[in-house]
Amino acid sequence: MVAIDLDKYARGQRLRWWAMRFVVYGLLIAWAIICMFPLFWTVSTSFKTAADVMKGNLVPWLDFTPNWLGWRSLGLSPDTVFNVSTVREEFMRRLWNSVIMSVAASALAVILGSLAAYGLSRFSYKFGYMRNSDISFFFLSQLIMPPVVLALPFLVLYKELALLDTYVGMIAVYTLMVLPIVIWIMRDQFATVPVELEEAALVDGLSIWGAFLRIIVPLVLPGMVAAFILSMILCWNEYFFAALLTSTNTNTLPVMIASQTGSQGINWWSMAALSTAGILPLVFVGVLLEKHIIAGMTAGAVK
Amino acid sequence: MTTIERDLLHTVEADSISAGRHFWGRAALWLSTLWLAASFVLQAAYVSGWITFGFENWRPVLYAYVLWAIVLCVTRVVLYGEAGKKALFVLPAALFVVAMVVFPLLFALWVGFSDWNLASLTGRKFNGLDNLRRMLSDPFYANALVNMVLYSLAIAVEYAIAFGLALLLSQDIAARKFWRVTFLVPLMLSPVAVSWMVGKSMLETRFGPIARLARWLGWENPSFFGDPLTARLSIMIMDAWTFIPFMMIMLLAGLQALNREVLEAAEVDGATKWQRFWQVIFPLMLPVSVTAVMIRVIFKLKLADIIITVTAGGPGGATDSVTSFIYREYRDRSNVGYGTLLAIIYLIIIVIGMTMLLKVSDRIVRRMTGRL
């Protein structure tokens with residue numbers, strides 16, 4: 001009697017377990033589709049012709065035959081990639097601008113931010129009435145500053161300084177934009193390094209800068225990488241400042257993508273190819289360096 | 001955030017600064033300061049027409065500032081030895097931020113109370129409180145502010161979804177890393193590309209796949225940006241799509257850092273799943289939740305890219321965020337004065353709002369966790 005009841009109970013339990021599994025994986029798949037479908041749509045549209053786009057064909061090879069139309073208009077299809085193409089040149093220049101600016105700004109922000117975060121975590125300062133907590137707050141409070149507050153003053157100032165549409169100007173803006181985030185991440189990193197390490201280094205005759213460069217930097221390198229990658233993503237995707245402060249020389253990819261409004265209708269396939277080309281580098285970065293990105297985002301959030 | 005009253009890392013300072021070194025350090029600092037001040041005054045005088053010679057633009061003043069900053073850093077070490085080297089850690093970042101934020105903010109106050117059309121030759125005209133008066137009677141700015149509140153309220157839904165996804169990912173599932181990467185992808189994508197491919201192409205009323213889906217579900221004439229309410233909703237959803245992964249990752253980290261023993265104790269005590277969530281997990285997750293939501297609010301308040309590229313504020317300014325409204329205001333009239341004033345007011349509202357929000361959330365967290 002008891003045995004039968006137990007058996008029934010176990011079966012019910014197993015059924016519930018399977019139902020749970022079913023729900024969990026169902027939800028996972030559903031959300032994965034929500035996340036990936038726009039990406040799939042973008043990539044597949046870049047291989048469609050006008051008719052395919054209008055008919056809303058979805059599955060390549062089944063619904064429509066992929067062709068290189070979108071990529072040809074960018075000069076990046078197999079048959080045009082070796083020919084001279086002004087569009088491709090334009091695209092490469094924008095891509096290059098994006099790369100230079102995001103890498104330079106992130107590197108600068110990581111250097112400045114790490115130094116500041118280290119100083120604030122180890123020494124006590126007094127700049128006028130400002131003490132350490134005030135200085136920290138001064139840096140981190142930049143995070144709530146909406147870009148629009150600085151945008152128009154920057155526009156006027158840059159015009160006066162002849163910095164409009166220059167690399168230096170844009171890199172400075174982007175560095176400013178990501179600096180509080182870097183400081184936020186690095187502060188958390190330095191807090192986990194015990195001071196005894198540097199004390200030992202100082203006893204052994206290193207200066208504070210020597211101890212910082214030779215002992216501390218190697219230890220917090222993962223944190224710096226995380227900060228760098230996160231900054232790079234933010235700079236790469238930045239549109240607002242780029243739209244305002246650049247014109248012909250230093251346009252970035254997002255500006256190029258946004259300015260593709262044709263007068264009559266939109267060439268969806270070339271739009272899609274352009275978007276794909278702009279998105280793909282970051283998707284690769286994201287997939288390969290996911291660990292660092294997550295480390296950067298969760299720094300300081302979980303105590 | 002703890003205040004360190006004394007240096008955490010002690011150093012022995014055994015350097016004596018000679019009188020000569022001291023003198024040259026002081027001299028260099030004074031000279032560079034003088035040069036900065038002189039070049040500023042000279043250029044200001046030239047621009048306002050008091051003197052007839054000067055520089056072509058303000059660049060030389062910038063160089064003077066950079067030189068001054070470098071001299072300031074070097075003289076720290078010259079004048080104070082080891083103690084000065086400590087200042088070198090924070091000084092570069094501080095000087096950079098002062099030049100890039102504090103100065104432009106002060107400049108913004110100067111711009112904000114003027115009528116300044118960049119395209120015209122007349123230049124800046126001080127117009128007192130005209131901008132402020134115009135702002136008070138500008139229905140579009142008020143509408144943009146209301147929109148920011150609405151957009152921010154949408155964070156509640158985003159938070160619920162993100163929490164659900166974080167719970168999903170913290171289950172015992174196969175290939176967790178794969179799911180995590182997949183869910184993270186929207187965050188990597190440039191908002192501009194997203195607005196093009198999702199906002200313009202997928203939501204296209206004739207052939208967009210989502211419009212097709214909507215028709216199939218029985219919506220006769222799907223139009224996602226036709227009337228103000230749906231347009232706002234569409235913007236909210238697109239923005240949510242890019243930023244949900246961000247909150248999800250933070251909440252997931254919080255879930256993984258939870259104390260296993262507490263959860264097991266609750267299970268042993270016979271708490272149901274529902275009870276375990278509301279009585280144990282949720283309260284324990286509050287501090288992380290507050291951080292995640294706060295950062296999300298900060299990012300939401302900067303929302304502009306999607307609106308500028310997809311709707312350009314339409315229909316009739318209904319979807320405008322403050323940033324996109326000011327952007328259009330500048331693009332249409334190239335008048336920087338009014339836009340700057342709007343931005344300053346926006347900043348003041350944000351600072352007050354965020355301070356209040358922090359206070360309130362702090363109290364809630366303390367009450368909820370105190371109960372536990």
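Note that Cβ sites are derived from N, Cα and C of the backbone, with glycine treated the same way.
Panel annotation: around the transmembrane segment (B:27-50), residues 58, 60-61, 64-65, 67-68, 71-72, 74-75, 78-79 of the same chain, lying at least six beyond its termini, place a Cβ under 8 Å from a Cβ of the stretch. If you look up TrEMBL, you'll see B:27-50 (among others) marked as transmembrane segment.
Panel annotation: around the transmembrane segment (B:62-81), residues 13, 15, 17, 21-22, 24-26, 28-29, 31-33, 35-36, 39-40, 87-88, 91-92, 95, 99 of the same chain, lying at least six beyond its termini, place a Cβ under 8 Å from a Cβ of the stretch. What TrEMBL lists as transmembrane segment is B:62-81 (among others).
Marked as transmembrane segment by TrEMBL: B:88-113 (among others).
Here TrEMBL flags B:144-359 as domain 'ABC transmembrane type-1'.
The transmembrane segment feature in TrEMBL is assigned to B:148-169 (among others).
The transmembrane segment annotation in TrEMBL covers B:181-199 (among others).
If you look up TrEMBL, you'll see B:233-255 (among others) marked as transmembrane segment.
Taken from TrEMBL, the feature transmembrane segment applies to B:276-299 (among others). Within the chain carrying the transmembrane segment (B:276-299), a Cβ under 8 angstroms from the stretch's Cβ atoms is held by residues 152, 155, 158-159, 162-163, 243, 246-247, 250-251, 253-255, 258-259, 262-263, 266-267, 354, 357-358, 361-362, 364-365, 368-369, 371-372, all 6 or more beyond its ends.
If you look up TrEMBL, you'll see B:336-358 (among others) marked as transmembrane segment.
For the transmembrane segment (B:181-199), same-chain residues at least 6 beyond its ends with a Cβ under 8 Å from one of its own Cβ atoms are 165, 169, 234, 238, 241-246, 248-249, 305-306, 309-311. Sequence-distant contacts of the transmembrane segment (B:336-358), counting only residues of its own chain at least 6 positions beyond either end whose CB sits under 8 Å from a CB of the stretch, comprise 108-109, 111-118, 124, 127, 131-132, 134-135, 141, 145, 294, 297-298, 301, 322, 325-326, 329-330.
If one looks beyond the transmembrane segment (B:233-255) by at least 6 residues along the same chain, the residues whose Cβ comes under 8 Å of a Cβ in the stretch are 150-151, 154, 157-159, 161-163, 165-167, 169-170, 180, 183-187, 189, 191, 194-195, 198-199, 203, 224-225, 281, 285, 287-289, 291-293, 295-296, 299-300, 303, 306-307, 310-311, 319.
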